[in-house]
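Pulled from TrEMBL, these are the features on record:
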DOMAIN    70-177  domain 'Peptidase M4'
ACT_SITE  GLU170  active site
DOMAIN    181-342  domain 'Peptidase M4 C-terminal'
ACT_SITE  HIS265  active site, proton donor
Amino acid sequence: MRCTCHIVPADVLRRLAQDASLSQDTQRAFIDTAKVDVEQRRIRVQAVKLTMVAQATAQTVTALAPAPALSLYDCNHTQNLPGTPIANPPASADQTARNVSATTSDVADFYATVFKRNSIDDGGMTLLSSIHYGIKYANAFWNGLQMAYGDGDGLIFTDFSQSNDVIAHELTHGVTQYTLQLNYTNEAGGLNEHLSDCFGSMFRQWKANQTVAQADWLIGKDIVGPQAQAKGLTCLRDMANPAGAHCIGPQITHFSQYKAGMDPHYSSGVPNLAFHTICMAVGGQSWDKVGQVWYRVMTTSGAKPAMRMKTFANRTRSAASQLYPGDTALSQAVDAGWKQVGL
Ligand SMILES: [Zn+2]
């Protein structure tokens, strides 16, 4: 099965759907989530095609607003998108509404402050999100048009809006759709997932004002439910240790382990580890230099739907010396970090 723009990979959902240690009710939640994800994937493919056509015909991107407007909808546990509009999300009695509203605004602020980017399309596009998607829906997604968050089954995953890196991960899928336009298959899919984890983690670190040494580098730490925690699971993924047994979705760590057709949530472990290694070698804060190098490659390469990992790695090598000429420590760190994962 092809990967999607969801945060939880399909085979983790299938594994949990068959996990006899879970109640039938919980297993049912994962079966339902997996079914819904197939449908959302079809919608995303169509939305990406529309973006490509729109970008090809547009002469310039005209900023619609200096900062993006946010609109939030409540699915009320249905699968109807976007759902019912929530009038004033920051003042809502619903904690999920307040959460998503505040964090989405923070992610927009992160992109504007750190990368001078005005929303997903750099043209002030309204950020549309829906909460309480489905019944015990155990995932979050970008469907090409909007973000949506499930409440989780409550035992393996809690409310997906609780982890701020999850929100930044989904929003970054939108940024990728408007920049590199990476596919969700093969190496490009792995890069697509990587960029979402990478900017998701950077956002989390920026929000907490952490150095690379202080950061935990975990993805989805705050959505791990009590039953998963009881099994020693502490995150969905770990950029510092992608193959760790504490990850709900452990990943590969070297390009030699990559196989064509692999779920991008697994192959993204290779660039995830390279990014972490490079950041640790450079020190300081991830978004200061290494993040700028990544963003430059993401936004100056044009549409590269079938980009190879080696191409991305080489472009970061070039971008590092272009952005920071004479910074040999940075250039060497970028080169060594990629070599360590076989790229
Ligand atoms: Zn994703």
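Keep in mind that glycine also has a Cβ here, set from the backbone N, Cα and C atoms.
Model, not experiment: these values are computed from the prediction.
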Local backbone state of HIS265 (active site, proton donor), from DSSP in three classes: helix
Surrounding CB atoms that lie within 10 Å of the CB of the residue listed as 'active site', all protein chains: 26
Cα-Cα distance linking the residue listed as 'active site, proton donor' and the residue listed as 'active site', given in Å to the nearest integer: 13
For the domain 'Peptidase M4' (70-177), the number of residues DSSP places in helix, strand and coil: 41 helix, 19 strand, 48 coil
Number of Cβ atoms other than its own within 10 Å, given for the residue listed as 'active site, proton donor': 27
